[in-house]
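To start, the structure itself, in structure tokens.
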Amino acid sequence: MLDLKRIRTDFDTVAAKLKKRGVSEDTLTHLKELDEKRRALLVQSEELKAERNIASAAIAQAKRQKEDATQQIADMQKVSADIKTIDNQLVAIDQQVTDIITVLPNTPHDSVPVGADEEDNVEIRRWGTPRDFDFEVKAHWDLGEDLDILDWERGAKVTGARFLFYKNLGARLERALYNFMLDEHIKEGYQEIITPYMVNHDSMFGTGQYPKFKEDTFELADTNFVLIPTAEVPLTNYYRGEILDGKELPIYFTAMSPSFRSEAGSAGRDTRGLIRLHQFHKVEMVKFAKPEESYQELEKMTANAENILQKLGLPYRVISLCTGDMGFSAAKTYDVEVWIPAQNTYREISSCSNTEDFQARRAQIRYRDEADGKVKLLHTLNGSGLAVGRTVAAILENYQNEDGSVTIPEVLRPYMGGETVISPK
């Protein structure tokens, strides 16, 4: 959430930054006008309360002296009525301010490319060379069925579209991947966490999913619970409402969890395969950092995601998302996209973001600066390390062989009991 004081004191800068994200200046102008009206009413309210206190003292004195206080009482009742009217106006204005400021996106960092959509994203670097196949490549969903390791038909029967069963070496490959990912992140100083798979609405607000993106989630009816769309939500909210010791920062968390997404607005997109599911496993990275260190930590986090792909031998590229393609809470985002041969393109497999103090303000996560003893908002970062199902898809397609088998990447073999290949039955 943006700082209302910042909007008030640096309006033109904030308006210019949010314009790059498609926010009309009229919206900010209305917010500023509401804030000015609210502050004026607060002054009026305080002045009237001072009058009421004086009148109350005069009434008390008149009564002690057995004097008639009828007029003073009438005057005080009028002042009290005026205060109540102003208080009601303040409640209404506060709600309007909240309704606006809670759905304003984060302001982009100055290094973020300006653009409308994914066409304006900027490629930063590539790693690896896509394999030159001398046979016709199969899509991962066909490979999964032919190898009897992925079962979409029964997933649809048991649950519905965009669900599946992993079987046999497919299940072991999925498990091997997330164990490998967690182990790699632990080597880099991340603390492994097992989170709840449900969170409350306050947690969803804290990380920015609520109130704007409710339609993308699965809520449990008649409860305060929501199935997590990503482990970012419980990991970031771990410290919600707390003040951390600045000497402890930065703090790194990692967790593997299922992610549940309604995929509202995705009808007709990626209807086959592992790219877009309602339920999928993902290894998440979350950091809590001092403001002056957060962009260095973003580079490290992105490198942590890249490390997984490099050790798996999967070609990828890193993209800096433009202002029109970034997520709601992000100030800057790098997408890491893995090569998918059957689609002849790169697809997102990790998204690493610095939200600066946007989530920390919503969730009230602060730290005490050891230098001056002051309590300040910290910066939060999050990233996929990686989306496990998409990594399975990338391995199946990039490591497929002409005979229909798939070679298991060398780094995963110790996690799979020494298996080296997944062969057709």
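Glycine is treated like the rest: Cβ placed from N, Cα and C.
Residues or ranges marked as L-serine binding site by Swiss-Prot: THR230, ALA231, GLU232, GLU284, SER384. Under the DSSP three-state reduction, GLU284 (L-serine binding site) is assigned to strand. The Cβ of GLU284 (L-serine binding site) has 29 other Cβ atoms within 10 Å, all protein chains considered.
Marked as ATP binding site by Swiss-Prot on the basis of sequence analysis: ARG261, SER262, GLU263, GLU348, ILE349, SER350, SER351. The Cβ of SER351 (ATP binding site) lies under 8 Å from the Cβ of GLY327, THR333, TYR334, ASP335, VAL336, GLY383, SER384, each on the same chain and at least six residues away in sequence.
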List, in sequence order, those binding-site residues among THR230, ALA231, GLU232, GLU284 whose Cα sits within 10 Å of the Cα of ARG261 (ATP binding site).
THR230
Which one is it, among the binding-site residues THR230, ALA231, GLU232, GLU284, that lies nearest to GLU263 (ATP binding site) by Cα separation?
THR230
Additional residues surrounding L-serine, by Cβ distance to the THR230, ALA231, GLU232, GLU284, SER384 centre under 8 Å:
VAL233, LEU235, ALA255, SER257, SER259, LYS282, VAL283, MET285, VAL286, ASN382, GLY383
Sequence gap of 6 or more, C-beta under 8 Å: which same-chain residues meet both conditions with respect to GLU348 (ATP binding site)?
ASP335, VAL336, GLU337, ALA387, ARG390
